[in-house]
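What follows is one structure encoded as structure tokens, with my remarks underneath.
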Amino acid sequence: MEDIFNFFDKPKDPLHFSAIRISVSSPEKIRERSFGEVKKPETINYRTFKPERDGLFCAKIFGPTKDYECNCGKYKRMKHRGIVCEKCGVEVIPSKVRRERLGHIDLATPVAHIWFLKSLPSRIGNLMDITLKDLEKVLYFEAYVVTDPKNTGMPFAQVFSEDQYLKAMEEYNGQFEAGMGAAAIRECLMSMDLDVLAEQLRVEMLEATSEAKRKKTAKRLKVVEAFKSSGNKPEWMILECIPVLPPELRPLVPLDGGRFATSDLNDLYRRVINRNNRLKRLMELQAPEVIIRNEKRMLQEAVDALFDNGRRGRAIAGPNKRPLKSLSDMLKGKSGRFRQNLLGKRVDYSGRSVIVVGPELRLHQCGLPKKMALELFKPFIYNKLEEKGFVTTIKSAKKMVEKERPEVWDVLEEVIKEHPVMLNRAPTLHRLGIQAFEPVLIEGKAIQLHPLVCTAFNADFDGDQMAVHLPLSVESQVETRVLMMSTNNILSPAHGKPIIVPSQDMVLGIYYMTREKFFAKGDGKIFASQDEVRIALDADEVDLQARVKVRLKNLATDEKPQLVDTTPGRVVLREILPDEVPFATINKVMTKKELSNLVDVCYRLAGNKETVILADKLKSIGFRYSTIAGISISINDMVIPEGKTAIINRASEDVKEIQNQYTEGLITDGERYNKVIDIWAKSTEEIAKEMLDNLSRDIVHAPDGKEVKVPSFNAIHMMADSGARGSAQQIRQLAGMRGLMAKPSGEIIETPITANFREGLTVLQYFISTHGARKGLADTALKTANSGYLTRRLVDVAQDAIITEPDCGTLDGLVVSSLTEGGEIIEHIGDRILGRVALDDILDPVTGDVLVASNEEIDETLVQKIESAGLEKVKIRSVLTCQSRRGICAKCYGRDLARGHLVNMGEAVGVIAAQSIGEPGTQLTMRTFHIGGTASRRAEQTSLEARTEGSVKFININYVTNTDGHHIVMNRNGELAIVDETGREREKYSILYGAKIKVNVGQVIKQGEAIAEWDPYTMPILTEIAGKVKFGDIIEGVSMEEQVDEVTGLSRKVVVESRDADKRPRITIKDEAGKTAKINETTMGRYYLPVGANITVQEDAVVNAGDVIAKIPRETTKTKDITGGLPRVAELFEARKPKDFAVITEIDGIVTFGKDAKGKRKVIVTPEMGEPKEYLIPKGKHISVHEGDHVRAGEALMDGSSNPHDILRVLGQKELAKYLVDEVQEVYRLQGVKINDKHIETIVRQMLRRVRIKDVGDTTLLIDDQLERYIFEDENERVLDKGGKPAIAEPLLLGITKASLSTESFISAASFQETTKVLTQASIEGKIDGLRGLKENVIMGRLIPAGTGLARYRNLKLVAEEPVVTPSEQVEEVAAG
């Protein structure tokens, strides 16, 4: 037995190598690995089907076609193992060697490898400093290259055309050597001395005068250094012999009818061999040079096609006009080797079927059709049948199963017990798309799915299909049960809130049973206990929704029972609650939000098991009561508000009024459009509000005959209010008015649809609607693809972010505060710090007590402490500041959101982050707003009202008081706060330039009082002092045009771009003496006007401080105000520069304007100390700062969006991270999607991994080199230890695609995009892939280094501990004995 065991080769253990290296093969290497030369283009003999000798399928080279049998049949069977047959030369071994043995072709002339030639930048060209064009001319025999100038003083590797060559030959009497084709290039490469060249290039780089020259030299130096360090020789880029792929990897398959299907590679190899043999013959015959040249060129082309068909010239096509698939195409793209076979494989032991709902299942179960189970569990059944003695052989077991005998079903029941299966629904967008269940055998052919897990799978029962997978090994079963069981995945990894929450019918049922009905049967009764309520309900003495009082015990604490106002329905619901959950959690109308909260509270207080039981009970009770409620809708439930016609008529009047203003020339066309749209948006809102108020209120008669308004039981209202189905938006279209629609381009059509679906639309209105609706469908299709691509890029960039250590010991962190927008707190500080780890001790601002110790996780109770202490800023540890070399430390990451405790070692947090951001991507729109095409544009905000009462405080506001006594704001970054008695800021608003403030400092105001107002459609330019208006450089026809409106016939003065660059249109304010008025010591009353400004004053008019002298109209509002939705998220993660980005100042200082240069405006920022900085701003862009303003570093000097690279350069990494996190969150928040900040931070961390070298110091680094931060730090440490000068680098922000391609692992990068380019570069550098990320390991077929695949779990041994028996136990045993 032992002998047999050792006789066969062992499969190689996947752990026997720890890294993989790629480099360029030398001709010796190729020959050494080869098992023989392929000399003939023949494949197999068409009569005998045996491989031809020396051909592409030769058995002598590649091994026998049948196991242990030589070609001629002299030696057969195992006993001759290892003998080489003397007749046919074939070794007697298993035929599988035909998958691994390489051959080779010796070429008659060297040939350039197309990857090193054409993959940009061309490596051969770079090394020799020849342009690609010239290089191609030489290689394809159209030009000569100097291989040895001898003493003619010619430059090395100079390229000559035919004529120039002949001339030079005459001139120097053939004193130099030149040649053409790959052989000449090879000679050049061989004669290069890389060490000398590297020195030379370093010197050149230091002496380089222009930036371009330096960059070019740096590029060459990089290639030279790569060759030096890797030990590859440059001449290996030119091939002397070509390896031939093992034949089984390019098979020839006989089809019926005597034809063959073959791999394209065989055709390509055949071409190479044919041309090579012809060339050899021509050379033997000493044919004319022209013919040989032509043949050499054809050989070069054939080899090019074999390696990368279509890279140069036209792709070689097969007989069916389809381009042949070359070796490169085998690797590239979605159907290439990497993505098709290595990263995604098809799996055995799996099946798929349609899903149906299984409402009677428990949460951990799924219904598996018997037919499927029988097929999936076959080997287990055979084993069990044999064990039980029903059968003796596998064959008879097979027969038994095929006959489906009754014993088989009993055995199946047994086998299935405790054996979880995995269910998966495509597309698997996040890890909850695959979950494990215990199978329950069912009749029929459809899989039954538990209704509560539908949200996670995003499944519905309109014909969706799901796949079943069976974990086979014990280890995989354990992992499946512990990690993937649906009962262990109650919380969502994206935001840590429950994802197993009742939906639809269940919500409606629970909502119905917890509603209150006024004056129902049994109203006002008092019950002594929970049971008494039950009895009364069953006896029909009290209505489910009556308002009653019940005496209830608090089960969590032993307090006295108390009388509680509640309803019988809520008491029934209480019966299923765990004791730990207080009754107050459900003593209210339970909407979907409240139910989610209930599951969350239950999970925190009662633990996982109780939550699962509660979820199942909620499901049953929900379905039960939604059946009892029997809610249905009819057309009469859509109540159209009475005031609708009045509102619409009023709006039409207003629109007419606006039209008149336009005709009279008071407003521009853009303003008219904006105002019209605003009027309709407001009216739609108004009608919707009235309609929703109508729906939600009923009028009933009380027992004493009075009319009382009570919450309504209108079915449509109940559905929307409970969150079961439908939204206010949809109801508004049913019973209000459809409102404004958008064109596909995103503009809003200014005639709204005044009808609703109940009244029905007119033909025109229907036509306008179809526009938006169809766009919605087209968008959805595009969106899915785009969202999937975004997820793929995110996963790729973040796949190696793994929790690698418990604590990195950093002293750095982020300061987090509440998120406010327009004075409103949109996200409280508590939500942002929950589950994070505190960096320093967090102290109570009043008492100074330690609320949270440093390095302590902030959980729910601590969050409450922090919020009640009123802290506004908290310092936390963050992924962004984590100092771990590889991966991230647990303390910086904080809580694992899906489990509710500190994250475990080995958790693949990068992939989770990518999934959490990508999965809701399909919910984001391609453009910002659309609901069935209706444009939902909020009416522009024009004023501010106080939300709370308190006293007013101005922060950094400069203002002048105008003649009405209002304060007019004169600067941009002012803020106004409302402070309560204790001095805490309750709300804070940014105040726009030109706004009217209607309150004074310290004034006490009430809630709802107006604070400020402004015009949202124009940007005013105001005067700060009183005086007389004078125009400067405002010349009609040059820098200003009187634009006459065709409709109104009225004219406006508009500043236009003048051809004369020196003209700077401005308005000056003169004092009584006729001099330019001074505002203060340094600033004059001079206002420069940007292009497009409308001048609103006449020359010589008298103005007061705070008056508007010109207006800049804002753009017409489109629906896609900003790049919304998905494209915006992609834009942020790709770190693209926005189209019109704002110039920002790099220093703090005072603004002054310099003279215009090259048609650009010059803004000078002068700091208190140091040199002033100048910024050029294109003419016609509006400069948002004024002379004399104080600006801070990072502030924009003009209108436009921020450029993330600028933020990084000026304000640093933390500010950039904050900007990216906030911007991404804003897009998701608009769609109502919750994502935890730490996921976005994880991705941003991966984008900031690299630095760019600015100054090399004494290091071996190259200038402008981009490398991982830790490599740079290591190199600097090494130099500092020797007392050298360290290098200086700046942080680099890479987009996610760029970052994925520049990872350390070439396998991961190659499988992502630009496969050939990545592999070319890696092979030249002789890169070593340490297999540290997930992707590389999946591709190499190893366990991934995350979770249970971590190295530290690999070689564990389990040792059973001896139980220690205490003396008392021994005594008991004696007594019992």
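Including glycine, each Cβ sits where the backbone N, Cα and C put it.
Here is what Swiss-Prot records for this protein:
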BINDING   Cys70, Cys72, Cys85, Cys88  Zn(2+) 1 binding site
BINDING   Asp460, Asp462, Asp464  Mg(2+) binding site
BINDING   Cys808, Cys882, Cys889, Cys892  Zn(2+) 2 binding site
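For the pair formed by Cys88 (Zn(2+) 1 binding site) and Asp462 (Mg(2+) binding site), distance between Cα atoms is given as 64 Å, rounded to the nearest Å. The 10 Å shell around the Cβ of Asp462 (Mg(2+) binding site) contains 5 further Cβ atoms across the protein chains shown. Among the binding-site residues listed here, namely Cys70, Cys72, Cys85, Cys808, Cys889, Cys889 has its C-alpha nearest to that of Asp462 (Mg(2+) binding site). Between the CA atoms of Cys808 (Zn(2+) 2 binding site) and Cys85 (Zn(2+) 1 binding site) there is a gap of 64 Å, rounded to the nearest whole number. In this structure the C-alpha atoms belonging to Cys72 (Zn(2+) 1 binding site) and Cys882 (Zn(2+) 2 binding site) are separated by 67 Å. Taking Cα separation as the measure, Asp460 (Mg(2+) binding site) is nearest to Cys882 of the binding-site residues Cys70, Cys85, Cys882. Each of the binding-site residues Cys70, Cys72, Cys88, Cys889 was scored by how many other Cβ atoms lie within 10 Å of its Cβ, and the smallest score goes to Cys72. In this structure the alpha carbons, written CA, of Cys889 (Zn(2+) 2 binding site) and Asp464 (Mg(2+) binding site) are 40 Å apart. Cys882 (Zn(2+) 2 binding site) sits 43 Å from Asp464 (Mg(2+) binding site), taking the C-alpha atoms as the reference points. Here the Cβ of Cys892 (Zn(2+) 2 binding site) has 29 other Cβ atoms within 10 Å, regardless of which shown protein chain they belong to. Neighbours of Asp460 (Mg(2+) binding site), defined as other CB atoms within 10 A of its CB across all chains, total 11. Cβ crowding, taken as the number of other Cβ atoms within 10 Å, peaks at Cys882 among the binding-site residues Cys85, Cys808, Cys882. Rounded to the nearest whole angstrom, the C-alpha distance between Cys892 (Zn(2+) 2 binding site) and Asp464 (Mg(2+) binding site) is 41.
Taking all protein chains in view, 16 other C-beta atoms sit within 10 angstroms of the C-beta of Asp464 (Mg(2+) binding site). Using the Cβ center of Cys70, Cys72, Cys85, Cys88 for Zn(2+) 1, the list of other same-chain residues with Cβ within 8 Å runs, in sequence order, Ala59, Asn71, Gly73, Lys74, Tyr75, Lys87, Gly89, Val90. Listed in chain order, the extra residues whose Cβ falls within 8 Å of the Cβ center of the Zn(2+) 2 site residues Cys808, Cys882, Cys889, Cys892 are Glu805, Asp807, Thr810, Arg877, Val879, Thr881, Gln883, Ser884, Ile888, Ala890, Lys891, Tyr893.
When the alpha carbons of Asp464 (Mg(2+) binding site) and Cys85 (Zn(2+) 1 binding site) are compared, the span between them is 59 angstrom.
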